[in-house]
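Worksheet: the structure to be examined is printed underneath.
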Amino acid sequence: MYPAHLLVLLAVCVSLLGASDIPPQPLNLVQFSNMIQCANHGRRPTSNYMDYGCYCGKGGSGTPVDELDRCCKIHDDCYGEAEKSQKCAPYWTWYTWKCGSDGPQCDDSKTGCQRFVCDCDATAAKCFAKAPYNKENYNIKTRCQ
């Protein structure tokens, strides 16, 4: 084998090892984002929910600060139930749904994890659409204990 080939092979191996440390993006967050847009008819960007209150976004602790934050806590709890009782990986579960006139609708033919996770997301998206958005509750994680 030529030294140049060995260098290329070594570079590929090193890059693959480095890439294994990068956590992949959960697949169904794209679906959840689309559901949120469906439910609120595009009135509020999905990014507004990424760091809202004590429960919207990654993790959660303390007491929900308002109705919208309660929607996020309920969604977190629903995902916890999906993991516990359904043995699902909710962040990785891909499901089918459609955007109807009354918001997101899960595919009735699905059962088990797909249906459970879809219902978690659809319920949360509809809850988000109904709840008022208080700008003062954006990026307040330091207040959540």
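Cβ atoms here come from the backbone N, Cα and C positions, even for glycine.
Among the features that Swiss-Prot reports, signal peptide is placed at 1-19, with the record citing sequence analysis.
As annotated by Swiss-Prot, disulfide bond applies to Cys38-Cys99 (among others). Residue environment of Cys99 (disulfide bond) contains 15 other Cβ atoms, counted within 10 Å of its Cβ in all protein chains.
In sequence order, Gly53, Cys54, Gly60, Ser61, Gly62, Val65 are the residues of the chain that are 6 or more apart from Cys144 (disulfide bond) and have a CB within less than 8 Å of its CB. Annotated disulfide bond per Swiss-Prot: Cys54-Cys144 (among others), in sequence order.
DSSP classifies Asp76 (Ca(2+) binding site) as helix under the three-state reduction. Other Cβ atoms within 10 Å of the Cβ of Asp76 (Ca(2+) binding site), summed over all protein chains shown, number 18. Swiss-Prot lists Tyr55, Gly57, Gly59, Asp76 with the feature Ca(2+) binding site, giving similarity to another entry as the kind of evidence.
Its Cβ placed at the centre, Cys56 (disulfide bond) has 24 other Cβ atoms within 10 Å. The disulfide bond annotation in Swiss-Prot covers Cys56-Cys72 (among others), and the record cites similarity to another entry as its basis.
Annotation for Cys127 (disulfide bond): same-chain Cβ neighbours under 8 Å, separated by at least 6 residues, are Leu68, Arg70, Cys71, Ile74, His75. What Swiss-Prot records for Cys71-Cys127 (among others) is disulfide bond, and it gives similarity to another entry as the kind of evidence.
The active site annotation in Swiss-Prot covers His75 (among others) and rests on similarity to another entry.
For Cys78 (disulfide bond), the count of additional Cβ atoms within 10 Å of its Cβ stands at 18 [all protein chains shown]. As annotated by Swiss-Prot, disulfide bond applies to Cys78-Cys120 (among others), with the evidence given as similarity to another entry.
In the three-state DSSP assignment, the secondary structure recorded for Cys88 (disulfide bond) is coil. Around Cys88 (disulfide bond), the same-chain residues six or more apart in sequence whose CB sits under 8 Å from its CB are Ala82, Gly112, Cys113, Phe116, Val117, listed in sequence order. For Cys88-Cys113 (among others), the entry in Swiss-Prot reads disulfide bond.
Sequence annotations record features per position, and here Swiss-Prot assigns disulfide bond to Cys106-Cys118 (among others). A strand conformation is recorded for Cys106 (disulfide bond) in the three-state DSSP classification.
In this view, Asp121 (active site) is surrounded by 28 other Cβ atoms within 10 Å of its Cβ, with every protein chain counted. Summarising the annotation, Swiss-Prot assigns active site to Asp121 (among others).
The two recorded residues, Cys118 (disulfide bond) and Cys56 (disulfide bond), have Cα atoms 18 Å apart.
Straight-line distance linking the Cα atoms of Cys120 (disulfide bond) and Cys38 (disulfide bond), rounded to a whole number, equals 15 Å. Listed in sequence order, the recorded positions near Tyr55 (Ca(2+) binding site) (C-alpha within 10 Å of its C-alpha) are Cys72, out of Cys38, Cys72, Cys99, Cys106, Asp121.
Secondary structure at Cys99 (disulfide bond), taken from DSSP and collapsed to helix, strand or coil, is strand.
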